[in-house]
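Q: One structure, pasted below without further comment.
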Amino acid sequence: MKITVVGTGYVGLVTGTCFAETGNDVTCVDIDVNKVNKLSNGQITIYEPGLEKLFERNLKEGRLHFTTSLAEGVAHGDVIFLALPTPPGEDGSADLSYILRVADDMGKIITDYKVIIDKSTVPVGTAELVHAAIAKNCSHPFDVVSNPEFLREGVAVDDFMKPDRVVIGTRSERARKVMGDLFAPFVRQGNPILFMDEKSAELTKYAANSFLATKISFMNEIAILCEKLGADVDMVRRGVGSDDRIGKRFLFPGIGYGGSCFPKDVQALVKSSEDADYDFKILNAVMDVNERQKLFLMPKISAWFNNDLKGKHFALWGLAFKPNTDDIREAPALYMIDALVAAGATVSVFDPEASSNVERLIGNKVTYATNQYDCLVNADALIIATEWSVFRTPDFDKIGSTLKNKVIFDGRNLFDVFRMEELGYHYESVGRAATNN
Ligand SMILES: NC(=O)c1ccc[n+]([C@@H]2O[C@H](COP(=O)([O-])OP(=O)(O)OC[C@H]3O[C@@H](n4cnc5c(N)ncnc54)[C@H](O)[C@@H]3O)[C@@H](O)[C@H]2O)c1
Ligand SMILES: O=c1ccn([C@@H]2O[C@H](COP(=O)(O)OP(=O)(O)O[C@H]3O[C@H](CO)[C@@H](O)[C@H](O)[C@H]3O)[C@@H](O)[C@H]2O)c(=O)[nH]1
């Protein structure tokens with residue numbers, strides 16, 4: 001099939017590459033000239049495990065093209081995916097201007113039947129708005145379909161190739177047939193393609209992300225209670241997650257959820273609810289808990305240093321909002337850095353992939369180490385913000401001999417508390433007792 005993807009960021013590049021990998025002829029359109037030049041020249045623009053190999057192969061075999069020309073993209077694709085940003089507007093609602101501007105432009109250049117697919121996360125009613133924006137300038141037939149994307153960064157290729165489900169919102173029989181054929185190769189494992197109306201598909205995406213964010217905030221509150229009551233959140237998590245009705249996943253407490261999706265999508269659903277004259281109480285609490293959770297470690301750090309962090313130096317491991325990505329959007333580590341610096345401390349950071357993105361954003365507010373142990377030199381304590389695998393079984397002797405003090409504050413519960421006790425560390429984590437050292 002001839003496919004066009006408009007917007008070549010995390011979702012667009014994965015979508016385009018994976019469709020090319022399954023034999024389709026794909027053109028990706030992006031407004032960013034620099035990005036398109038790099039991609040056309042074989043240089044991948046994001047870190048996403050497994051993507052580079054597929055990208056290189058499909059580029060070489062001529063199934064993947066990049067252009068800045070929307071007209072070229074529209075002429076190419078029988079189906080056109082919109083994988084454009086929907087950032088939060090000032091009032092928290094999703095900003096649809098990127099999507100509606102492209103829809104408006106597309107209306108002027110469509111000359112034969114097209115299926116236009118919203119892959120961006122968009123509020124209920126957006127398919128109708130996109131339809132109206134195209135129809136304003138276009139008398140040719142077309143359908144607008146909602147096809148929300150559920151991939152996770154870090155495992156995006158796998159999630160795209162083997163989705164738990166594909167949600168397709170359309171009431172057009174013609175579009176339904178096209179979409180069914182397009183996604184058939186991806187659901188061979190027996191996972192369903194769920195056809196529904198456009199509005200239900202749009203709401204499914206927000207409901208899924210908000211439910212997952214709720215699970216996390218709930219466990220973060222349980223973790224606080226564990227500390228207050230002397231329970232261990234790891235034990236509680238296992239006990240709770242063993243119930244099939246609850247499930248084991250997304251119950252890990254930590255220093256809050258971040259990323260480009262949960263924070264903005266929960267906020268956007270709250271705003272949609274308000275617009276519909278409904279006070280979504282649970283989600284307001286989910287957001288409040290997450291705000292507080294991002295700085296969960298700060299009172300512990302302050303207390304350990306007698307409430308005076310002036311002149312203290314910290315090593316911070318992990319900048320990306322989660323492991324296996326270079327994405328730092330809404331990364332809890334950035335909030336930690338702000339709080340530490342505001343308290344008069346200095347910070348040295350290390351991340352396997354995300355340091356250059358952080359450097360572009362905050363420059364010399366922190367110093368950047370090139371490996372995880374150099375980061376520890378002269379530091380009064382180590383703070384862990386992201387659970388990269390490389391941090392899971394570190395050389396504790398080396399850590400102990402490099403840090404000024406054997407002190408670790410762990411926002412992702414990477415280490416066993418008893419082991420840290422034995423190793424002589426002062427170790428504090430989330431929802432578990434501190435060591436006695
Ligand atoms: N990142 C994720 O894991 C993820 C997963 C599921 C859904 N989503 C949703 O998908 C959408 C895209 O997210 P993303 O993370 O890929 O965003 P992104 O910011 O990484 O990429 C968006 C791309 O669109 C390009 N763009 C902007 N205006 C354009 C225009 N007029 N024409 C062509 N290109 C244009 C930008 O240059 C950028 O490359 C959002 O709605 C997001 O909520 C994201
Ligand atoms: O038990 C958990 C699981 C996750 N997180 C945090 O939650 C955030 C989001 O994690 P994850 O969902 O793995 O990453 P994303 O790539 O943001 O993916 C989410 O957002 C995407 C964009 O909408 C959706 O497509 C995915 O289905 C949805 O999982 C991260 O900060 C994690 O550290 C926790 O704190 N505890």
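Even glycines carry a Cβ here, placed using N, Cα and C.
TrEMBL: automatically predicted annotations, no manual curation.
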Q: If TrEMBL says Phe150, Leu151, Arg152, Glu153, Lys205, Phe250, Leu251, Phe252, Pro253, Gly254, Gly258 bind substrate, which of Lys53, Lys60, Lys312, Lys322 does it name for the same site?
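A: TrEMBL names Lys322 for this substrate site.
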Q: Do you know which of Arg188, Arg329, Arg360 TrEMBL groups with Asp30, Lys35, Thr86, Thr121, Glu153, Lys264 in the NAD(+) site?
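A: My reading of TrEMBL gives Arg329 as the candidate in that site.
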Q: Taking the Cα of Arg329 (NAD(+) binding site) as the centre, which of the recorded positions listed as Phe150, Arg152, Gly258, Cys261 lie within 10 Å of it?
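A: For Arg329 (NAD(+) binding site), the recorded positions whose Cα atoms are within 10 Å come to Gly258, Cys261.
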Q: What binding-site residues in Asp30, Thr86, Lys205, Leu251 place CB under 6 Å from ligand 1?
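A: Among the binding-site residues listed, those whose Cβ sits under 6 Å from ligand 1 are Asp30, Thr86.
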Q: Do you know which of the binding-site residues Lys35, Arg152, Lys205, Arg329 has the most other C-beta atoms within 10 angstroms of its C-beta?
A: Lys205
Q: Identify, among the binding-site residues Pro253, Gly258, the residue whose Cβ has the fewest other Cβ atoms within 10 Å in this structure.
A: Gly258
Q: At the level of the C-alpha atoms, what whole-angstrom distance separates Thr86 (NAD(+) binding site) and Pro253 (substrate binding site)?
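A: Cα to Cα, Thr86 (NAD(+) binding site) and Pro253 (substrate binding site) are separated by 28 Å.
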Q: With the Cβ atom as the reference point and anything under 6 Å counting, tell me which of the recorded positions (Lys35, Phe150, Glu153, Cys261) are near ligand 2.
A: Phe150, Glu153, Cys261
